[in-house]
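The structure appears below as structure tokens.
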Amino acid sequence: KNAGSLNWPPLTWPFPREASDERDYYRYQDKEEVVLWMNTVGPYHNRQETYKYFSLPFCVGSKKSISHYHETLGEALQGVELEFSGLDIKFKDDVMPATYCEIDLDKEKRDAFVYAIKNHYWYQMYIDDLPIWGIVGEADENGEDYYLWTYKKLEIGFNGNRIVDVNLTSEGKVKLVPNTKIQMSYSVKWKKSDVKFEDRFDKYLDPSFFQHRIHWFSIFNSFMMVIFLVGLVSMILMRTLRKDYARYSKEEEMDDMDRDLGDEYGWKQVHGDVFRPSSHPLIFSSLIGSGCQIFAVSLIVIIVAMIEDLYTERGSMLSTAIFVYAATSPVNGYFGGSLYARQGGRRWIKQMFIGAFLIPAMVCGTAFFINFIAIYYHASRAIPFGTMVAVCCICFFVILPLNLVGTILGRNLSGQPNFPCRVNAVPRPIPEKKWFMEPAVIVCLGGILPFGSIFIEMYFIFTSFWAYKIYYVYGFMMLVLVILCIVTVCVTIVCTYFLLNAEDYRWQWTSFLSAASTAIYVYMYSFYYYFFKTKMYGLFQTSFYFGYMAVFSTALGIMCGAIGYMGTSAFVRKIYTNVKID
């Protein structure tokens, strides 16, 4: 390859869409127009910091008529804004080297190009939704002279009447000298290819990275952790609970005086308080409902990604996630509304509003804050006002009504407090216990094992989003999600059992927070990844990284907390159902 060519992996995520056989706009007649779209330009090490291609003083080709372009919601939110290059390209029609425009290089334009070259700017283009990238220019060894690549040599592979491959080689290195004219040229070479249309994105994938033996070993290691934890929990709890049941049965045969003289302790003693409503039930039920919805969204999106290969479509992953989140709003309302009703909540409309807007408010608040920084930097990541309005409309006219439906169903179908034990009118005093049995300590320690089961996968996910890989092994992600759920439930059950055995009945928030503390460790890991695995810099990139990592970690924590609480709730209900309470 020549010095200016680039064979990097794609630098945007998700990637251009792959057409089905029914989409005629992926089929071309001979000499039919093929559009070269210019997308973004930006520093190589700051992947998310991108600007419009023509924000640099590049010139446009002479061709003015273009095909119509429709932008999706996912593309708009990700800052994908395609601009016509003006280059005249026709299907199977070779173009010999030709000048398409001329740059009148004054001092201001030269300074712009020099700044871009110093910061290793790359640019991205699309032909038939296939990505192409190149570098703006290069400096000499001394860093005194700067050169611009002026010649784009395109090689396009076709199979039948479809485009299946595109390669760019940058040539024509010209020194940047003020007050000169620089001619920009291009050529197009068409060649027949044996690549099938449905396989044209395979060359962008990196199997050696994602299917490395370390990745397989991490999955195997996490799986063994699950088997060990489940076995350990089952053995300890079954043996311990069997002894507890035997002791409680023996106590039931005693008369009142012997029972009073006996040494009563353990989880049975709090049977009158264990089903007492949690503190702040409105917030608690809203968090549980939101966590159940995030889990449903994660499960559905991963399954869809495994079936449909969403990485081949621009903005498709984000668009799919938004659609699935809106469609699963009844899940939020059902679980949050029913739990709030069982805990005796009266302000169910307020709970519904908080549950419906908890996650959207967090995501939109972070996005709008970062958007102000993007606008200040004139970055392409700036979200248009119309897109903001569209997202708000989805929240008010889709998510809220569906949440209302779920809340009404939840309150009517499972809103009755059918607890196996009667709740005492007066709360039982909580006895003193050792420091490591305090809820705060249990919460801090509860997230270590769940994080340990997923932290290797976090590296691959971070690398795919913040670096230069396309994440396509969603089967791995599904396995990790299942492993995370099992480990989280096992850990919270053990934590809750120890808490109840210490006669502390504050298990609802403890089970939620001990599972949710996984998010703290994920966010701490993101600091390590930022400083040791990336070369990001600048206010925009730093705020973008840590802002969205905070959103990701919080959403993960809420999901884990809901999973932990639901599993622990079933466990608590089970053990108190099997004990005879006078």
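Cβ coordinates are placed from backbone N, Cα and C, and glycine is handled just like the others.
TrEMBL does not curate its annotations; it predicts them automatically.
According to TrEMBL, the transmembrane segment annotation covers 214-237 (among others). Under 8 Å from some Cβ of the transmembrane segment (214-237) lie the Cβ atoms of residues 449, 452-454, 456-457, 460, 473, 476, 479-480, 483, 486-487, 490-491, 493-494, 497, all in the same chain and six or more residues away from its ends.
Long-range contacts of the transmembrane segment (282-307) within the same chain: residues 317, 320-321, 324-325, 328-329, 331-337, 339-340, 343, 345, 347, 350-351, 354-355, 358-359, 474-475, 477-478, 481, 485, 508-509, 512, 555, 558-563, 565-566, each at least 6 residues beyond the stretch ends and with a Cβ under 8 Å from a Cβ of the stretch. Annotated transmembrane segment per TrEMBL: 282-307 (among others), in sequence order.
Using a Cβ-Cβ cut-off under 8 Å and counting only residues 6 or more beyond its ends in the same chain, the transmembrane segment (319-341) has close neighbours at 72-74, 281-282, 284-286, 288-290, 292-293, 296-297, 300-301, 304-305, 310, 348, 351-352, 355-356, 359, 391, 394, 398-400, 402-411, 413-416, 562. The feature transmembrane segment is assigned by TrEMBL to 319-341 (among others).
Residues or ranges marked as transmembrane segment in TrEMBL: 353-377 (among others).
Non-local neighbours of the transmembrane segment (383-405) in the same chain are 73, 76-77, 79, 322, 325-327, 329-330, 332-333, 352-353, 355-357, 360, 364, 367-368, 371, 374; each lies 6+ residues outside the stretch with a CB under 8 Å from one of its CB atoms. Taken from TrEMBL, the feature transmembrane segment applies to 383-405 (among others).
Within the chain, the transmembrane segment (440-462) has long-range Cβ neighbours (under 8 A, six or more residues past its boundaries) at 209-210, 214-215, 218-219, 221-222, 225-226, 229, 469, 471, 473, 476-477, 480, 483-484, 487-488, 491-492, 495, 498-499, 510, 513-522, 525-526, 529, 533, 560, 564. According to TrEMBL, the feature transmembrane segment maps to 440-462 (among others).
TrEMBL lists 474-500 (among others) with the feature transmembrane segment.
Per TrEMBL, the feature transmembrane segment maps to 512-532 (among others).
The transmembrane segment annotation in TrEMBL covers 544-566 (among others).
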Cβ-Cβ under 8 Å with the transmembrane segment (544-566): same-chain residues at least 6 beyond its ends: 48-49, 287-292, 294-295, 298, 335, 359, 362-363, 366, 369-370, 373-374, 381, 446-447, 450, 466, 484-485, 488-489, 491-492, 508, 511-520, 522-523, 526, 530, 534, 536
Sequence-remote partners of the transmembrane segment (474-500) [C-beta within less than 8 Å, at least six residues beyond its ends]: 210, 215, 219, 222-223, 225-226, 229-230, 233, 236-237, 240, 267, 270, 274, 295, 298-299, 302-303, 305-306, 437, 439, 442, 445-446, 449-450, 453-454, 457, 460-461, 506-507, 510-511, 514-515, 518, 560, 563-565, 567-568, 571-572
